[in-house]
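What follows is a single structure, written as structure tokens, with notes after it.
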Amino acid sequence: MRQHPAFVCAQCTRLTRSIRWNVSPFSLPSTKRLNSHATQTGRLFRVAIVGSGPAGFYAASHLLAKQQDAVVDMYEKLPVPFGLVRYGVAPDHPEVKNCEEKFTEVATSSRFNFVGNIALGHDLPLAALKPHYDAILFAYGAARDKGLGIPGEEPRRNVYSARAFVGWYNGLPDHRDLEPDLTSGEDAVIIGHGNVALDVARILLSDVDALRKTDISDYALAALAQSRIKRVRVVGRRGPLQASFTIKEVRELLQLPSVSFEPIPKELFPPEETISALPRAQKRLIQLLAKGSTNNPETSSKSWSLQFCLSPSSFEMTPDASQVARVQFDRNYIEPANPYSRSSKAIPEYTESGQPARTNLPASIVFRSVGYRSLPLPNIQDLGIEFDELRGVIPNDGVGRVTTLSGSVNPQNFSAGSPASHLPGLYCAGWVKTGPTGVIASTMADAFTTADAIYRSGLGGVKPEAERLGLRRTSWQDWQRIDEKERALGKETGRPRAKLGRVSAMLEALD
Amino acid sequence: MILWREVGQQLRHAVPKTVAGDMCLAPSRRYLSHSTTSWKTGVANSNQWNSSTRRSLQSPWQGWKRTQRCFSATAQAAHGHITPPKPGEEINVTFIDKDETKINIQVAEGDNLLDIAQANDLEMEGACGGSCACSTCHVIVEDPDMFDKMEEPSDDENDMLDLAFGLTETSRLGCQVLMNKELDGLVVRLPSMTRNLQASDFEDKKK
């Protein structure tokens, strides 16, 4: 248990020393200046953001820009910020990490306060936070990966979660000691058809010297240099049209030097006229998959393939039962009634004798990569939040305000228009709100939406009433413009200023 | 705002004047620092104070622009760096933001739309810093003929556009469109990055 002495409010815990929370529970060094600000404009709008990944930072950025009286405390479990940008984005995608520049810029704001190395719910009770903030925004992402739910899945020497492997090569402290076994054979099987699966495949297949130029962890580099993996099979439950990976990741793999790609059987693709009628993104992906790679298998040192319509059913062990040797898969086919949709279902295939149709793939190492899942923070229910265990999200109304479980909006009951009942002051953004899908662009848009909701909800008091009545208020900046105008007019006649004599003239100066 | 001024004044005292002047001239990004670029030729301003993002973002800074003060001491990122056009060689480009405000800007040949937008404090993100690795600088070209005049998007750009929200037939990534004389008079629309919140979203739901 880590020790974090004395920063909880005296009202909440006796561990506290007498600290007055002038500005935010994690007071800024510039308290005095902020206080003078506070007394002049009323009060500050205090926001706690839980998590320092892209969702948290983009929400902070939007909020600080829109709301001049907002003060943000960003809580992070690790001592360091950026979440999956630092620990999830592949080391050979440095350009994706450029958003860290923007986050760093956000963090230079004196209204922004990073609170690292505090695991909320573990180290510090969530309920202790509540009285100190006008809004708490949960943006802590998806902390766990989904399991396969098949026999033999419990930790084996050479079966890993892709998430742990990604954390390992990216230097995430949690997985520092994973020590994946890359030397016991030449065949890797990755179960799952998402971008994480392709990231893992690319790291396994890339030339180590190319990775040397990246920020990949040095121990991972050393282990990958020893790797004997030659063939990587990326296996999915459904067909090419239902895969979740995106075209950029496929193209990168197809362009890896001296790595060949096993062509996908033609019968897995829809007929030509169906392809050309597909939505643009799907069409381009299918065309790329059908085109494949030009690298010659004869001269390539490594190879990879995409396997479709296979669901893992069990692991077959080596004779000494120390590790997995093969993965057994049940064959599927895509529902014939609706074969070409992204949401088409897989149906188990049976042999004539009524047995499940099966196939085996050799595997000296196995990665499961079938998606992430958010977890409730410990004692999140103390804030009244009923975590949606089924969907793995915090129930919300779609724009990011936390609701009761029955009031939450999900795509299925959205049109039913069930009245949302909000939990005031609580918000969510990013994967803990939407589920673990999407790229930084979508997380950013989502975080902006939630930040807008926080901002809108924060617009209490007199202002909306004045707005409703159509009153034209002047701001201090407006006065400064009037002042400037008066000085300019004065200058024309050699006087310090010429005062505008009518209210209408003053307002005209602003138009 | 007052806070900002105080911070600004502190910084001005803390930093030698010449340096502060240089920093003012450095190209800056929209958010915490302010831009001194002044070749924006016309901004249709709405004068309501019910805070559209543009208004609330921009208005606080306007006074500063006029007095030529600078209060950012942060290292300037390399984005939004554009060249002022030479007299007589200005190329016109118009951005339409999500509030339907038109912003006409005169730019030099060779600058890209992302840098131009950021140098002029428009609401355009460049999450990957203009390296064609995200879709946050998605713009929609208004005139299909103008779109045809542009060079074909590369595979990499199309790969990213595939992930863009609200993709159209004339979508491009701002960071990949370099201005040239052919594109004089270009009009691009900035798609909304957020779901537009309706007033009804906020009616009496706090039970």
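Numbering starts at 1 and runs along the chain as it is shown here.
The backbone N, Cα and C atoms fix where each Cβ goes, glycine too.
Remember, TrEMBL labels are computer predictions, not curated facts.
NADP(+) binding, as stated in TrEMBL, involves A:HIS193, A:GLY194, A:ASN195, A:VAL196, A:ARG237, A:ARG238, A:GLY438; the candidate among A:GLU186, A:GLU249 given for that site is A:GLU249.
A:ARG238 (NADP(+) binding site) and A:VAL439 (FAD binding site) are 22 Å apart (CA-CA, integer value). Over the domain 'FAD/NAD(P)-binding' (A:45-204), the average per-residue pLDDT in this prediction is 94. The most densely surrounded of the binding-site residues A:LEU84, A:VAL196, judged by C-beta neighbours within 10 angstroms, is A:VAL196. Take the CB of A:ILE440 (FAD binding site) and look out to 10 A: across all protein chains shown you find 26 other CB atoms.
Proximity to chain B (CB-CB distance below 8 Å) holds for A:ILE440 among the binding-site residues A:LEU84, A:ARG237, A:ARG238, A:GLU249, A:ILE440.
Of all the binding-site residues listed here (A:GLY194, A:GLY438), it is A:GLY438 whose C-beta has the fewest other C-beta atoms within 10 angstroms.
Annotation for the binding-site residues A:GLU76, A:GLU249: lowest Cβ count within 10 Å of the residue's own Cβ, A:GLU249.
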